[in-house]
Amino acid sequence: MTTDLTGRARAQADDLISRLGLAGDPLGLGGNPGDHRVVVAMSGGVDSSVTAALLHHLGYDVVGVTLQLYDHGAAMAKKGACCAGQDIYDAKRVAEACGFRHYVLDYESRFREAVIEEFADTYLAGFTPIPCVRCNQTVKFADLLTTARQLGAVCMATGHYIQRVDGPNGAELRRAADAGKDQSYFLFATTHDQLDFLRFPLGHLNKDQTRELAEAFGLIVADKPDSQDICFVPNGRYVDIVEKVRPGASRPGEIVHVDGRVLGTHEGVIRYTVGQRRGLKIAVGDPLYVVRLDAAKAEVVVGPREALEIDTIALKDINWLGDEAPLDGAPVRVKVRSTRPPVPAALSVDGDDIRVVLARGEEGVAPGQACVFYSSDDEDRVLGGGWITSTSGGSGGSSGVRLIG
């Protein structure tokens with residue numbers, strides 16, 4: 001069965017689509033859906049496949065695009081990867097079964113430069129990167145949007161769990177209805193111009209509803225497992241990627257207590273992140289955690305759990321999605337990790353310098369991660385965010401990172 005359904009199967013699919021609030025023109029383009037060409041970014045997973053099948057079923061002129069991002073043996077065959085061999089094949093089979101055009105674009109060189117090399121360099125500098133945000137920020141929501149426009153599309157749709165709403169001052173980004181699947185943390189860097197062109201038709205669904213749609217359309221990926229966060233890291237061994245991309249760049253050094261005592265040695269700061277407890281390989285009586293990393297001195301600084309607490313976060317490369325410019329002292333809610341809920345904070349604004357002052361201390365906030373802003377009045381609305389460069393205050397003092405060079 002495909003999305004070219006007839007009789008009872010089509011009636012059942014139409015009923016499900018209606019119950020899920022997806023009937024008619026879920027992209028909000030107006031007019032006849034068939035007059036609108038929509039590029040769908042297809043990773044080969046169930047979410048993007050359902051997005052493409054749904055829009056095709058509703059009559060939009062769908063063009064599926066899958067990016068070939070990397071090609072190394074273990075990742076090509078591993079379960080839970082995306083944009084590699086099996087996933088490209090799955091995306092192509094979905095498109096063929098549904099009857100819409102599908103293209104595979106070779107972005108491997110661009111992905112290596114913008115994501116993989118940046119991933120390695122970030123670890124070497126003592127930061128903890130989020131490659132999925134960089135991929136969205138550069139490859140998917142910059143380069144691919146340009147390609148979509150060249151293909152004559154009026155918008156690009158993805159299978160992300162996030163909501164785009166037309167507000168009084170333009171398009172707004174909002175958290176997904178399913179808090180457990182919400183991907184707003186990874187999409188904070190989406191710009192106003194990109195948001196105008198993007199659509200997220202699954203944003204108000206949960207995963208069970210998405211899989212129900214996949215089954216109604218008869219998609220071969222209906223039971224496919226979700227993709228993992230870092231698609232290009234085989235078996236979760238990110239250190240292997242860093243050493244392959246930058247051979248010999250990681251230096252051994254000392255593990256130092258916050259009180260100045262040298263407790264042991266390590267094989268490179270790339271093996272550690274702020275908040276880490278396991279794998280320190282030092283014999284001490286009390287539990288110790290990584291408090292900060294000094295890449296210039298090749299030091300891993302450790303301390304008791306209370307030394308992890310901070311209350312001030314310095315940021316760079318801020319993307320602001322609010323209606324008005326950020327004001328000094330403005331209340332917001334922020335997420336400092338994807339799995340943590342938004343917490344109360346205030347912005348400290350001095351010209352182009354913006355810091356976040358938390359209402360309560362947070363532990364394990366790592367430079368290199370994202371700090372994402374949400375409205376204090378409506379915490380579902382995403383106001384943007386920035387990259388964490390350093391932290392201070394609380395019981396933990398400063399955990400800024402000294403850059404190499």
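Glycine is treated like the rest: Cβ placed from N, Cα and C.
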From candidates Leu16, Leu20, Leu22, Leu67, Swiss-Prot puts in the same ATP site as Ala41, Met42, Ser43, Gly44, Gly45, Val46, Asp47, Ser48, Gly159 the residue Leu67
Argmin Cα dist to Leu67 (ATP binding site) over the recorded positions His160, Cys231, Gln369 returns Cys231
What remains of the recorded positions Cys135, Cys231, Gln369 once a 10 Å Cα-Cα cut-off to Ala41 (ATP binding site) is applied is none
Argmin Cα dist to Gln369 (site 'Interaction with tRNA') over the recorded positions Asp47, Cys135, His160, Cys231 returns Cys135
Here the recorded positions are Cys135, Cys231; the one whose Cβ sees the most other Cβ atoms within 10 Å is Cys135
Ordered by sequence, the long-range same-chain Cβ contacts of His160 (site 'Interaction with tRNA') under 8 Å (at least 6 apart) are Asp47, Gln183, Leu187, Phe200, Leu202, Gly203
